[in-house]
Structures are given as C-alpha cells and as structure tokens.
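> Below is one structure. I have some questions about it.
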Amino acid sequence: MSGELPPNINIKEPRWDQSTFIGRAKHFFTVTDPRNILLTNEQLEAARKVVHDYRQGIIPSGLTENELWRAKYIYDSAFHPDTGEKMILIGRMSAQVPMNMTITGCMMTFYRTTPAVLFWQWINQSFNAVVNYTNRSGDAPLTVNELGTAYVSATTGAVATALGLNALTKHVSPLIGRFVPFAAVAAANCINIPLMRQRELKVGIPVTDENGNRLGESANAAKQAITQVVVSRILMAAPGMAIPPFIMNTLEKKAFLKRFPWMSAPVQVGIVGFCLVFATPLCCALFPQKSSMSVTSLEAELQARIRETYPELRRVYFNKGL
C-alpha cells in the first residue's frame, strides 16, 4: 500500500463543500462534463477498478488524490449509483449538454409548422423518458406503467401547449413566436416530473437527521423536493431557449443567413450549446442535493414520532433528486 494517499478519503461524497453554491457548481460542472461521453469502455473499467479497490483499502502505487477524484467522477458519470450497472450513453448526465443543445436548437428552429412541433416535442420527451429511466432509483424503480403515463402525459402537454400558443401568436411579432418552444418545455416539466415521481408523493421520501439517521418518510418533503427540481429544470432550459431568439431574430435579417438559410439550425444549435454548458451545472447547483425543511412542516404523525425520540431536533434532511 502506497504512503502517498491516505485510505480515508470519503469518495462517496462530492469533492467540494455542498453547503455552498460554489461547491455545488464545481461538483456539477464535473458531473455534466460532456467530454466524459467520449471515454472508452477500457477507461471506464479502469476508473471503476480504482474506485472499487480504494473502497476495499487497496491503493495502487503512485495514485494521487487528483487521480482518485478523477476516477470517482468518471465512475459516477457512467455507472448507476444504486445498481452499479453501466448506464445508457444518452441517459448519462455527461450527455445532457450535447443532447439538449441538439434537440433544443432544432425545436427552436423548426417551430412554425404542426408536423415540426409534433416531431421535435416528441423527440424531446422521448429523450427525457430515457434520462428518467436511466437515472431511476434502484430501491424504488419506476414501473413500465408509471414511465408510460408520465411519457404520454408530458408529450401531450408539451404538444398541446406549443400548438395552442402557435395559434395565439400567429398575428403577433415573430420574436414572441420564438418563445413558444420554451413555454412547451416548461409545461412538460410541470407534468412530467411530478408524474415520474408520483410514488414519492403518495408514500413520501426518506427524511433523516443531519447525521443520516432515518426518521421516517414524508410526502411533504417529497413535494418540496419535486418543486425544487421542477424550478431548476425550467431555469436550466431558460438561457438556452430565451437568449437565442433575440440573437437569431437579428442574425436572420443579416445577409449571411439570407444567403445561406440552411445555416440557421447549426448556428442556433451552437448558441444553445454555449448557453447550456453553463446553465446545466449552475441550475443543478441552485438547491443543495441534501435539502432540508423544518420539523414543523412535516405531517403531524411524523412530527409526533420525531418529538418522542428527538425532542430537540429542529430540521430534517432528504435527497431532492435531479
């Protein structure tokens, strides 16, 4: 065993302090790094071996702390945290930026006709379903019925919103019409995420004290967690869907895009991608992954149980999800 690296680094937790926005942002910039999708199977397996060996107390000679953390984040980017299975490539967090920039750019380029709206909103919700399935809980996996209901409902909601707003904006400024895809995505998130996590709203999510001791399950905590996720997902989409319309509205009046109109989609995809590189990790970092709420905000029955065992406890903690 090498003396260069201590055996007690907690690689189950993020490298940076998650109680601060900066710490959370650094963590998510690493988690969503698109370069991770280019890693080979050999590189992924090598990272998994480093992580598994370190957890068993086996430290390869010459391994540095930076190399250990790099292996940990490569491992986390490709393998499911509960099952340890390798995740579908497009469902990984590192695929979020390239996949979303392509889909969002196309949604915002081809939004004027009904077939285009139907196709791109369907593609977007299909991608969301893959992401939700890939990142499902290993302890309480989604059933096919739950996944199907959320998928169909979100797709229907997104298409209905987009088509309805397209009809309303036919006689207004073209710039306003460019914001229709964003409204559709926001509506879909408000439908998709609660439906995808409906079991949590029924039976609750685990709540703990600050030391991780489980206190029970709370549906009120689930409501707060899901609300935070919906807000962060909508804000995550906002820069990539709110900034490009202004830029494209100006560019399409210029000689270049008038001469080469086919360049409109690639230019828009590039602008969206630039926005998402920053918006995705920064909006994931808005709320702590380990969220908290006051004991007085819990269900009366759970409050009573907690007061019997931990009369001095004021706050409980829970995993909000992504």
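Even glycines carry a Cβ here, placed using N, Cα and C.
Sequence annotations record features per position, and here Swiss-Prot assigns N-acetylserine to Ser2 based on similarity to another entry. Annotation source Swiss-Prot lists topological domain 'Mitochondrial matrix' at 2-102, 168-174, 250-266. Residues or ranges marked as topological domain 'Mitochondrial intermembrane' in Swiss-Prot: 121-146, 196-228, 288-322. Annotation comment: Swiss-Prot describes 103-120, 147-167, 175-195, 229-249, 267-287 as transmembrane segment, evidence class sequence analysis.
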> Compare 147-167, 175-195, 229-249 by their Cβ pairs under 8 Å to the transmembrane segment (267-287) and return the stretch that comes out on top.
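Per the Cβ under 8 Å count, 229-249.
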> Helix, strand, coil residue numbers for the topological domain 'Mitochondrial intermembrane' (288-322) per DSSP?
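Reading the DSSP string over the topological domain 'Mitochondrial intermembrane' (288-322) gives 13 helix, 10 strand, 12 coil.
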> In the same chain, which residue numbers or ranges, 6 or more beyond the ends of the topological domain 'Mitochondrial matrix' (250-266), come under 8 angstroms Cβ to Cβ?
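Beyond its ends, the topological domain 'Mitochondrial matrix' (250-266) has Cβ neighbours at 105-106, 109-110.
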> At a C-beta cut-off of under 8 Å, are there same-chain residues at least 6 beyond the topological domain 'Mitochondrial matrix' (168-174) that contact it? List them, or none.
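For the topological domain 'Mitochondrial matrix' (168-174), the list is 180, 249.
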